[in-house]
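Undergrad: The following feature annotations were taken from TrEMBL:
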type	residues	note
TRANSMEM	B:28-48	transmembrane segment
TRANSMEM	B:60-77	transmembrane segment
TRANSMEM	B:83-103	transmembrane segment
TRANSMEM	B:147-164	transmembrane segment
TRANSMEM	B:170-187	transmembrane segment
TRANSMEM	B:194-212	transmembrane segment
TRANSMEM	B:281-302	transmembrane segment
TRANSMEM	B:314-341	transmembrane segment
TRANSMEM	B:347-368	transmembrane segment
Amino acid sequence: MSRPFDLKDKFYENRLFLNRIVASVLFILVATAGLVIRLIYLQVMGHEHYTTLSRDNQVKISPLAPSRGLIFDRNGEVLADNTVTYSLEVIPEQVPDLNTTLAELKDLLNLSDDDISRFKTQKSQRKSFESVPLRLQLTEEEVARFAVKMPYFPGVEIRTRFMRSYPYGHLTSHVVGYVARINEAELRSLDPAQYRGTYHIGKSGIEKAYESVLHGKTGYEEYETNVQGRAIQVLNTIDPVAGADLYLSLDIRLQKTAFDALGEFNGSVAAIDPSTGKVLVLVSKPGFDPNPFIHGIRKQDYDILQNSPDRPLYDRTLRGVYPPGSTVKPFMGLAGLKILNLSPGRRVLCPGYYRLPNADHKYRDWRKQGHGSVDLKSAITQSCDVFFYDLAHHIGIDDLHDFMQIFGFGEKTGIDLAGEKSGLFPSREWKRKKRKQVWYPGETVIAGIGQGYVQVTPIQLARATAILAARGRNVEPRVVDTIKASYEIQPPYPKSGEEFVADLKPEFWRTVIDAMVDVVHSQRGTAKAIAPGLAYSVAGKTGTAQVFTVRQDQEYKKLKISKSLRDHAWFIAFAPAEAPRIAITVLAENGGHGGSVAAPIARAIMDQYLLENP
Amino acid sequence: MNIDPVLAQLRIMPPQRASLLQKFHIDLPLMAGLGGLCTLAFIILYSSGGQDVNVLLRQAARLALAMVIMIAIAQVHPRRLKYYSPALYLLGVLLLTAVLIAGKISMGAQRWLDLGIIRFQPSELTKLSTPMMIAWFLSASTPPLRLKQLALAGVLMLIPTALIAKQPDLGTAVLVASGGSAVVFLAGIPWRYILVLAVLGGSLLPVGWHFMHGYQRDRVLTFLNPEADPLGRGYHIIQSKIAIGSGGIYGKGWLHGTQAHLEFLPERSTDFIFAVFAEEFGLVGCMSLLGLYLFVLGRCFYIVVQAQDKYSRLLAGALTVTFFVYVFVNVGMVIGILPVVGVPLPLISYGGTSMVTLLTGFGMLMSVQTHRKLLPNG
């Protein structure tokens with residue numbers, strides 16, 4: 001190669017090389033710009049987003065469940081307690097050989113296959129360093145048996161947990177209610193922040209109605225975690241606040257008296273202090289043992305309760321609707337006095353039946369031979385049906401409906417418990433709307449003695465009785481008397497009002513209440529059987545609620561119909577009649593006659609309450 | 001003879017230190033840049049390694065060894081490097097083959113050759129020997145390159161690349177391929193060939209997909225949508241992005257990077273150390289680090305441009321470009337714009353293997369620079 005050519009070649013090559021270097025530098029600068037843009041995107045634009053993610057990453061919050069408030073009766077007896085239970089718990093990652101350990105524990109503590117499979121399910125849902133319960137509620141003996149062998153079981157430990165218990169079981173099953181595991185639907189409606197770490201929730205009774213107060217405030221432990229979620233360091237602890245303790249106005253001894261006095265009968269007893277609305281007794285019999293529900297009752301046990309003909313799970317006091325029968329008569333009397341301006345001396349002849357003008361149908365009196373000539377007082381005392389047939393007919397169903405509403409017929413009482421039913425006192429409009437039918441005069445007639453469409457719940461009738469005893473002052477029944485909390489609390493049910501709902505002349509009240517006193521204290525009274533030995537005066541009224549309608553041409557033959565079709569026996573009363581301190585309603589299902597079955601139950605309660613609290 | 005007074009002055013007053021640096025063939029600006037990067041490395045490593053001094057000491061020992069090797073290589077004249085290129089290349093390929101046959105299986109891939117005392121990764125050798133070989137081959141050529149030369153250079157590059165990809169070690173394969181490609185590019189492959197190769201490569205992507213390992217495919221898919229598998233393969237990328245993003249402009253401060261310290265970030269001292277740095281020092285820190293890399297690259301390009309023979313400048317240029325590819329692939333992967341392949345952040349990531357290779361490369365660059373004046377003209 002000649003020298004000039006070589007030089008030219010060299011020059012070309014150098015230029016090309018420099019071009020390539022420039023291209024490389026450009027490539028590097030463009031690529032670096034790409035990195036820079038991406039970094040700006042992440043660190044400036046995305047900063048807030050990633051900061052949030054970063055904080056979520058490192059700080060975990062673990063809830064500290066509060067201890068549930070206790071429930072006491074008016075004398076400080078514990079009705080719902082928190083008791084320590086021992087549970088056997090396993091931290092899987094600390095157990096060298098899980099299967100062997102499980103097999104050994106199974107022998108040692110008689111674990112069931114259910115226990116093992118439940119454990120395995122729960123274990124699969126948790127991290128390996130979290131404690132998983134293997135067996136809840138160890139007995140003292142089991143605790144002792146395990147404690148001896150504990151060193152041979154690394155990663156297995158006994159933990160104490162607080163569990164609800166109901167020492168009075170059946171006695172308080174409906175009113176206090178019970179707690180049980182939170183289910184999916186409840187979880188959705190609850191404040192998740194407050195219920196993290198809480199496994200149980202009130203399902204019925206006080207436990208449900210006062211859930212927000214009993215639960216307390218969940219505390220938190222904030223801790224830093226690493227990627228496995230394992231706690232490294234606790235950053236901050238907010239202690240939980242225990243739930244409020246509830247003191248009921250209920251007297252558990254009275255409750256037991258009422259429960260026992262019902263004897264063989266199913267039924268309901270509700271007693272209210274008419275001056276305050278405080279509920280003294282709230283019994284629905286039969287009850288059930290709420291304790292197994294806390295851990296989850298076994299299916300077969302639940303089926304037994306569910307399928308029992310006595311329906312122990314059914315709260316008769318709040319949810320049972322029955323015709324009130326003759327117990328409405330004092331209220332009907334007040335309606336007559338008010339609406340018709342009825343003279344107390346006005347008399348009606350009771351021939352044993354009542355017939356509407358221009359009609360053939362006979363409305364029978366419970367006393368076949370009739371009561372003869374009766375005025376309002378004697379009609380109440382002797383429970384004459386014909387008098388009230390006539391009265392109702394003259395008042396008319398609409399006025400009657402409006403008046404009875406004052407005493408809460410057809411409406412919920414607003415008691416501080418969940419699941420109350422409203423009962424029914426019919427009206428023309430109700431029938432048109434709900435039944436799409438016109439109202440017949442005969443239906444007014446039978447409403448006059450608390451039959452036909454009229455339906456009440458025992459608590460409703462107890463409230464009406466209490467309003468009557470308080471001579472028209474409103475009574476809102478309340479089971480919870482005081483709430484004791486370590487922090488400010490808004491009671492879910494405010495104290496009841498003091499206003500008058502029935503503004504009636506004093507002589508109207510006197511007339512009706514005198515008649516009710518005669519029900520117990522006079523020779524013709526339907527509840528005279530409880531009078532002997534009474535240390536105070538009682539105003540009462542018996543009632544019989546028909547379960548089954550006797551056809552026009554048939555007679556009610558008590559012995560021929562089965563017990564389940566027998567009439568329900570009612571008794572309403574308050575005492576002392578002149579200054580009532582207790583108003584009471586007793587329902588004995590299929591008890592037959594109120595005077596002989598329901599009244600003595602009421603007396604037992606009144607005796608105990610009034611004589612022990614003079 | 002007449003002595004140029006200026007030259008005479010220079011001869012009279014060469015600074016003592018400069019002469020020492022000259023004696024050991026050390027390029028001061030490059031050395032300063034590398035020193036800056038290594039200093040930063042120790043600062044980050046102290047944080048990412050859980051403030052364990054032993055980690056620093058181990059890394060310091062590796063750095064010292066690598067520095068000794070670098071300076072030793074700098075003493076070697078580029079002529080000698082060129083002379084040994086084919087032999088080194090052959091050795092590298094043979095060792096790679098040996099690895100595939102008898103290599104230790106580590107982390108599900110065959111990369112190590114157990115030599116008793118040290119475990120040796122032959123792929124590291126080929127990172128250097130491949131561009132050396134191609135530079136040796138193409139230094140005899142004159143531009144424009146002919147197709148036959150290109151094809152041969154391509155084969156020289158593909159043999160070690162394929163062997164490494166087979167191990168499988170996608171990251172190293174990428175680095176080896178880019179080293180070889182850089183030589184070919186600098187040697188003057190016509191742009192039209194580059195275009196053809198790009199089109200060809202694009203159309204061969206589905207074929208390449210077919211030959212990929214399952215986990216490699218997963219990596220690509222994960223890269224395209226990391227949130228699809230947040231606890232599995234996407235986890236690295238998501239956690240890394242959280243660390244970087246939460247760092248913000250000024251960072252959380254040294255030793256205050258919660259992501260890294262709470263063990264959310266995987267491989268936080270090795271491949272993902274940039275995320276730790278970005279979390280603690282923020283955008284400002286990242287810019288400074290990239291600036292430092294650009295400074296080193298700038299000095300390298302200066303050396304490349306000044307290189308006096310063809311082999312030297314092809315090799316030096318290829319090493320420079322590869323160095324940048326290192327940075328780009330690692331940072332790109334950590335910030336989520338490239339698939340996760342195992343490429344460490346040069347001179348910052350914990351570990352000795354890649355550091356020795358890198359500093360050996362810089363030793364070669366220093367050699368190119370410091371032996372320049374001793375070269376005969378032409």
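Yeah, the Cβs are placed from backbone N, Cα and C, and that goes for glycine too.
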Undergrad: When you scan the chain for residues with a C-beta under 8 Å from the transmembrane segment (B:347-368), skipping those not six or more beyond its ends, what do you find?
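TA: Apart from its flanks, the transmembrane segment (B:347-368) reaches 25-27, 30-31, 34, 37-38, 40-41, 44-45, 48-49, 55, 59, 62-63, 65-67, 69-78, 81, 121, 124, 127-128, 269-271, 273-274, 277, 289, 300, 303-304, 307, 312-313, 315-316, 319-320, 322-323, 326, 330.
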Undergrad: Grab the same-chain neighbours of the transmembrane segment (B:147-164) for me: Cβ-Cβ under 8 Å, and only residues 6 or more beyond its ends, written as numbers and ranges.
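TA: Apart from its flanks, the transmembrane segment (B:147-164) reaches 89, 92-93, 96-97, 99-100, 123, 126, 129-130, 133-134, 137-138, 141, 172-173, 176-177, 180-181, 183-184, 187, 189, 193.
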Undergrad: Do any residues of this chain, six or more beyond the ends of the transmembrane segment (B:60-77), have a C-beta under 8 angstroms from a C-beta of it, and if so which?
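TA: That would be 24-26, 38, 42, 351-352, 355-356, 358-360, 362-364, 366-367, 370-371, 374.
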Undergrad: Cβ under 8 Å to the transmembrane segment (B:28-48), counting only same-chain residues 6 or more beyond its ends: which ones?
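TA: Contacts of the transmembrane segment (B:28-48) (Cβ under 8 Å, skipping residues fewer than 6 from its ends): 18, 21, 55-56, 59-60, 63, 254-255, 257, 260-261, 268-269, 273, 276-277, 280, 289, 292-293, 295-296, 299-300, 303, 346-350, 359, 362, 365-366, 369.
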Undergrad: Count the CB pairs under 8 A between the transmembrane segment (B:170-187) and each of B:83-103, B:194-212, B:281-302, B:314-341, then give me the winner.
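TA: Looking only at B:83-103, B:194-212, B:281-302, B:314-341, the most contacts with the transmembrane segment (B:170-187) come from B:314-341.
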Undergrad: In terms of Cβ proximity under 8 Å, which residues at least six beyond the ends of the transmembrane segment (B:194-212) contact it?
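TA: 185, 220.
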